[in-house]
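Participant: First, the structure itself, so that you have it in front of you.
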Amino acid sequence: MELHEIAHARAKAWIEEMVALCAPDTVYVCDGSKKEYDTIMQKMVDAGLATPLKKRKNCFLFRSQPSDVARVEARTFIASKREDDAGPTNHWTDPAELKKTMTGLYSQCMKGRTMYVIPFSMGPVGSPISKNGIEITDSEYVVCNMHIMTRVGTRVLEALGTDGEFVPCLHSVGKPLGPGVTDAGQWPCADMERKYISHFPEERLVWSFGSGYGGNALLGKKCFALRIASVLARDEGWLAEHMLILKITNPAGKTKYIGAAFPSACGKTNLAMMIPTLPGWKVETVGDDIAWMKFGKDGRLYAINPEAGFFGVAPGTSDFSNKNAMDSIKENAIFTNCGLTEDGDVWWEGIGYPAKGTIIDWHGVSRPAPTRDKSPKGEEIAHPNARFTAPARQCPAIASNWEDPEGVPIDAFLFGGRRPSTVPLVHQARDWNHGVFLGSIIGSEVTAAVISDQVGQIRRDPFAMLPFCGYHMADYFSHWIKLGSQARAENLPKIFCVNWFRKDAEGNFLWPGYGDNSRVLAWIFDRCDGVDNAVETAIGWMPKEGALNTEGLNVSTQAVKELLSVDIAGWKKEIKDIRENHYPKFGARLPQQLRDALEVLEARINGSEGAACTRDMC
């Protein structure tokens, strides 16, 4: 399709305006075909940017610049009209000033390059929960990744018609080329101080400049699907969440759907693709990262995965930790900043086996292959944030209804962080507002391996949305409370807090995790059916003695008791930290319901309310 053939007048006018600003050599409107993908990928191979992998069919390896390896939160802006609306957790800048600065950067930024126009749908095309966008980019890497991560092409333009709503997303690597000049194998990006990932919430607009990395450049992902979509969800009465969606079926053939929000490094993708150790139980994947949810006609929350692929962290992914992910990336995948073995395969730390002979690291330097699947810190073969991009349909565990345009009905929400102490293996909120409270306080404890002067402190990441909420986080809490108040309690998902990362006094994990997390999911499954397998404690409902299936589990009775106990001293410290360090950040906009929940927790912990007490729980 040619630009002049686009029937949507507003989209066409915007694209033409961006062509005049960015001055590309040519303009190409993406049709979403396999031929298009193959042609553009070959262009990158010819330019020395992509390396075909001999061991994997239709797979390619890319290496970025060391300055362009991850999301850059310090260069990520929420440019709301009022600073207060961005809130304390976002970087705000004046939208008029930001546009002026970025317009200067965009001026002729695509000289020597092709401007690609990518019509894309977040979610199945035509779904009542889906939204459309158009990304303009000068990066072939972005085009090919968007082919995998979203639904791209002519069918999206057809769905838009002549006046459909869309989110405009402008992206440039910020590296124009002179006559006859190519990238010559060098990943194109701008210097750090010229990188901008900017969101204009009231305009539903994303502008990104200077980075080619996934989260900064694949604008359908965090920029649209979370930061802009969270604003849309607030205004339209739905939820856009940093959540996996899994389908779980018990031995009797009954199915439920669970949404789970965890901060980074807490095993979200592993849980979404889990292979249960409990006989007869089955877990299937609907999504591993983002969930969009709207209330259905029956009053229940229905969720879609707005993405079409997985953009996963490679290091640590192995047949042991996530076999389904490993099977998903055997073909038709893109790898970024991984090692390259001498026989033409990718490799990373934690892959489960050593490489042989020599290996090329993510810097492009040839080195002796490690004798184990580990490397000293700072000498990694693969960057710690090395990534794979793969179509979701290739996952062996993908649910047959993962693309149902009506979504799947959510029965439970899980919140959790990486907490070596205090927070038990699982507990259930007493009601919706208590669940919102639990979501608002999740986080991970800083360990000695991270930042030494903060050891023991809790790095809070409410709802795992800290880097992704497009407006004031306190208003986000209020939005959750409001949605709960508008629904019948029996229609709302039950809310649970989980913690796979409790440790004993010697620093050893008490819980094996991975497939054995199915034991916790089985208890949650039964709780959603109202099974009487819980006891009320000071912090919420917890498994009765013997309610958690530990058959065949190599965990001592004492460890299980510790995992399912309420640490009174730990919770008193937790309450103090929330009251003094966490909640004050949100000021007067913090919902009173959350202040009340904290008071109730303190009263229960102090024993002033007669919570039922068993097994040293309270």
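Including glycine, each Cβ sits where the backbone N, Cα and C put it.
The substrate binding site feature in Swiss-Prot is assigned to ARG71, TYR213, GLY214, GLY215, SER264, ASN385, ALA386, ARG387. Annotation comment: Swiss-Prot describes LYS222, HIS242, ASP289 as Mn(2+) binding site. Sequence annotations record features per position, and here Swiss-Prot assigns GTP binding site to ALA265, CYS266, GLY267, LYS268, THR269, ASN270, ARG387, ARG418, TYR514, GLY515, ASP516, ASN517 based on sequence analysis. Positions annotated as active site by Swiss-Prot: CYS266.
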Participant: Taking the Cα atoms as reference points, how far is ALA386 (substrate binding site) from LYS222 (Mn(2+) binding site) in Å?
Facilitator: 17
Participant: Filter the binding-site residues HIS242, GLY267, THR269, TYR514 down to those whose C-alpha lies within 10 angstroms of the C-alpha of ASN385 (substrate binding site); answer none if the list is empty.
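Facilitator: The binding-site residues close to ASN385 (substrate binding site) (Cα within 10 Å) - there are none.
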Participant: Cα-Cα separation of TYR514 (GTP binding site) and ARG387 (substrate binding site), in Å?
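Facilitator: Just about 21 Å between their Cα atoms.
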Participant: Mind giving me a neighbour count for ASP516 (GTP binding site)? Other Cβ atoms within 10 Å of its Cβ, every protein chain shown.
Facilitator: 20
Participant: In this structure, which of the binding-site residues ARG71, LYS222, HIS242, ARG387 has the fewest other Cβ atoms within 10 Å of its Cβ?
Facilitator: ARG71
Participant: In angstrom units, rounded to an integer, how far apart are the Cα atoms of ASP516 (GTP binding site) and HIS242 (Mn(2+) binding site)?
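Facilitator: ASP516 (GTP binding site) and HIS242 (Mn(2+) binding site) have their Cα atoms 23 Å apart.
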Participant: Going by Cα-Cα distance, pick out whichever of the recorded positions ARG71, TYR213, CYS266, ARG387 is nearest to HIS242 (Mn(2+) binding site).
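Facilitator: Result: the closest of the recorded positions to HIS242 (Mn(2+) binding site) is CYS266.
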Participant: State the Cα to Cα distance, in Å, between ALA265 (GTP binding site) and ARG71 (substrate binding site), rounded to an integer.
Facilitator: 15
Participant: By the count of other Cβ atoms within 10 Å, pick out the sparsest of the binding-site residues SER264, THR269.
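Facilitator: Taking SER264, THR269 as the binding-site residues, the minimal 10 Å Cβ count falls on SER264.
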Participant: Using Cβ-Cβ distances, find the residues under 8 Å from GLY267 (GTP binding site) that belong to the same chain and are at least 6 apart in sequence, listing them in sequence order.
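Facilitator: Long-range Cβ contacts: TRP500, GLY513.
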Participant: Could you give the Cα-Cα distance between ARG387 (substrate binding site) and THR269 (GTP binding site), in whole Å?
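Facilitator: Rounded to a whole number, the Cα-Cα distance is 13 Å.
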